[in-house]
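Engineer: Below you'll find the structure I mean.
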Amino acid sequence: MAYQHIQIPTSGEKIKVNQDMSLDVPDHPIIPFIEGDGIGVDITPVMKDVTDAAVAKAYGGRKKIAWMEVYCGEKAADKYEGDWFPAETLEAIKEYIVGIKGPLTTPVGGGFRSLNVALRQEMDLYVCQRPVRWFTGVPSPVKEPDKTNMVIFRENSEDIYAGIEYKAGTPEASKVIDFLTGEMGVTKIRFPENCGIGIKPVSEEGTKRLVRKAIQYTIDQDLPSLTLVHKGNIMKFTEGAFCDWGYELAREEFGAQPIDGGPWCSMKNPNTGKEIIVKDVIADAMLQQVLLRPAEYSVIATLNLNGDYLSDALAAQVGGIGIAPGANLSDEVALFEATHGTAPKYAGQDKVNPGSLILSAEMMLRHLGWGEAADLIVKAMEGAIGAKTVTYDFERLMDDAELKSCSEFGAEMIKHMG
Ligand SMILES: NC(=O)C1=CN([C@@H]2O[C@H](COP(=O)(O)OP(=O)(O)OC[C@H]3O[C@@H](n4cnc5c(N)ncnc54)[C@H](OP(=O)(O)O)[C@@H]3O)[C@@H](O)[C@H]2O)C=CC1
Ligand SMILES: O=C(O)CCC(=O)C(=O)O
Ligand SMILES: [Mg+2]
């Protein structure tokens with residue numbers, strides 16, 4: 001396909017999806033990337049350099065990524081005459097199957113809706129997978145950060161992120177409130193005259209496809225438990241249903257058996273024969289459980305908003321969102337991105353930690369089947385942190401650390417690839 005502003009690299013080839021949904025990855029895959037707003041300009045080039053160095057070292061030049069810049073956010077608005085979300089960006093990511101993005105700004109309280117959420121919804125990237133692990137030497141506010149080792153599977157297509165909201169005082173809000181009070185017998189809208197309204201869709205299909213991926217991951221990685229996190233005591237037909245449908249799926253598709261009458265249940269890992277416990281925890285309790293008893297949690301499946309909160313909270317336990325990676329996945333397309341945002345106060349200062357985006361690239365390399373290069377990124381991260389050559393976020397919490405800029409940290413990582 002010909003694009004208006006996207007330059008297709010002449011040196012690379014497309015990744016293809018095989019019939020069994022596995023990837024057919026050429027040695028020079030074209031990978032679309034969005035630089036991102038704010039600190040995107042700092043972290044994205046460093047991520048590319050570190051990734052290129054790991055691939056070059058792992059495969060002696062035989063494999064190489066052909067990066068292809070695609071545009072979204074402020075850079076897109078400049079290039080496409082005010083269009084923040086060009087259609088060809090979506091087309092390119094779908095066509096090239098695997099991509100990576102920097103953070104994009106979303107205004108609070110008004111203005112346009114999140115471009116990050118729009119990318120996920122438009123491509124039906126229904127899984128947001130965010131691993132949380134500690135790297136030796138990273139400063140952490142908890143005593144035993146090594147006990148935090150979890151992977152969040154956040155439902156990425158439903159919940160209040162659907163963006164069905166009506167502003168207080170508008171005819172739309174009045175119409176919804178009139179319907180609820182007039183036709184549905186609702187009496188508990190406390191101040192109906194000036195009240196914003198938001199809708200929270202949560203479906204059986206949306207829940208089950210997310211929980212299915214989370215359980216499959218638990219099996220593939222031979223992990224001990226899957227925890228459904230929800231606020232089902234209060235939101236019974238959305239969050240409570242998420243929990244019920246999650247258990248139902250575990251029982252019906254994975255043969256899980258109730259423990260002591262349920263709802264917790266137990267299943268056997270079909271590959272290893274080990275037991276997997278499927279359990280649930282209410283979201284507020286979970287936020288204290290992960291701090292006090294992190295070793296008891298492994299894979300977490302949760303709704304969109306809970307997953308958003310939990311991702312940043314868990315990231316803090318292992319050193320902060322400077323080092324928290326992620327992936328947005330459909331059955332075909334994968335778009336990798338850091339957990340953090342655009343940190344506008346640091347934009348363009350070559351200051352912030354590029355670790356989250358680099359570790360997102362590490363996830364991307366594993367997704368491509370390039371595990372040797374991914375391992376080198378982990379080794380490089382451990383090396384640079386072990387040598388105490390770190391960016392401001394770690395340096396301010398460590399004794400005797402050497403402060404490095406964003407790009408210097410990337411260079412340190414490359415040195416530690418060996
Ligand atoms: N997926 C995405 O693209 C996301 C986009 N956003 C958007 O980003 C914008 C800013 O959001 P905001 O709430 O400020 O959250 P941010 O995640 O952008 O930043 C909050 C704080 O986190 C720390 N931080 C973030 N990134 C890094 C990094 N790479 N290295 C070290 N520290 C880091 C900084 O802490 P300190 O000040 O302590 O140094 C920063 O001030 C909003 O428009 C929001 O909508 C938010 C989240 C995700
Ligand atoms: O889209 C945004 O601006 C914020 C998204 C976010 O916080 C997240 O995905 O973790
Ligand atoms: Mg978030």
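Cβ atoms here come from the backbone N, Cα and C positions, even for glycine.
The shown structure was predicted, so the numbers you read here are calculated from the model rather than taken from an experiment.
Among the features that TrEMBL reports, domain 'Isopropylmalate dehydrogenase-like' is placed at 30-413. Residues annotated as N6-succinyllysine in TrEMBL: Lys101. If you look up TrEMBL, you'll see Ser114 marked as phosphoserine. For Ser114, Asn116, Arg120, Arg130, Arg154, the entry in TrEMBL reads D-threo-isocitrate binding site. Per TrEMBL, the feature N6-acetyllysine maps to Lys143. The feature site 'Critical for catalysis' is assigned by TrEMBL to Tyr161, Lys231. Taken from TrEMBL, the feature Mg(2+) binding site applies to Asp308.
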Engineer: Could you state, as a whole number of Å, the largest distance between Cα atoms of any two of Ser114, Asn116, Arg120, Arg130, Arg154, the listed D-threo-isocitrate binders?
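Structural biologist: The two farthest binding residues have Cα atoms 19 Å apart.
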Engineer: Pull out the recorded positions from the set Lys101, Lys143, Tyr161, Lys231, Asp308 whose C-alpha sits within 10 Å of the C-alpha of Arg154 (D-threo-isocitrate binding site).
Structural biologist: Asp308
Engineer: For ligand 1, which among the recorded positions Asn116, Tyr161, Lys231 have a CB under 6 Å from it?
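Structural biologist: By the Cβ criterion, which requires under 6 Å to ligand 1, the hits are Asn116.
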Engineer: Using a Cβ cut-off of under 6 Å to any atom of ligand 2, determine which of the recorded positions Lys101, Arg120, Arg154 qualify.
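Structural biologist: Close enough to ligand 2 is none of the recorded positions.
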Engineer: Measuring CB to CB from Lys143 (N6-acetyllysine), give everything in the same chain under 8 Å that is also at least six residues away in sequence.
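Structural biologist: In sequence order, no residue meets the Cβ cut-off.
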Engineer: I'd like to verify something. Among the recorded positions Lys101, Arg120, Arg130, Lys143, Tyr161, Asp308, which ones have a C-beta closer than 6 angstroms to some atom of ligand 3?
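Structural biologist: Checking each Cβ against ligand 3, the ones under 6 Å are Asp308.
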Engineer: Write out the long-range same-chain contacts of Lys231 (site 'Critical for catalysis'), meaning residues 6 or more apart in sequence whose Cβ is under 8 Å from its Cβ.
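Structural biologist: Listed in sequence order: Glu239, Ile282, Ala283, Asp284, Asn306.
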Engineer: Select the closest residue to Arg130 (D-threo-isocitrate binding site) from the following recorded positions, measuring between CA atoms: Lys101, Ser114, Tyr161, Asp308.
Structural biologist: Asp308
Engineer: Calculate the distance in Å between the alpha carbons (Cα) of Arg120 (D-threo-isocitrate binding site) and Tyr161 (site 'Critical for catalysis'), and round it to a whole number.
Structural biologist: 10
Engineer: I'd like to know which of these recorded positions, Ser114, Asn116, is least surrounded, judged by other CB atoms within 10 A.
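Structural biologist: Least crowded of the recorded positions Ser114, Asn116, by Cβ count within 10 Å, is Ser114.
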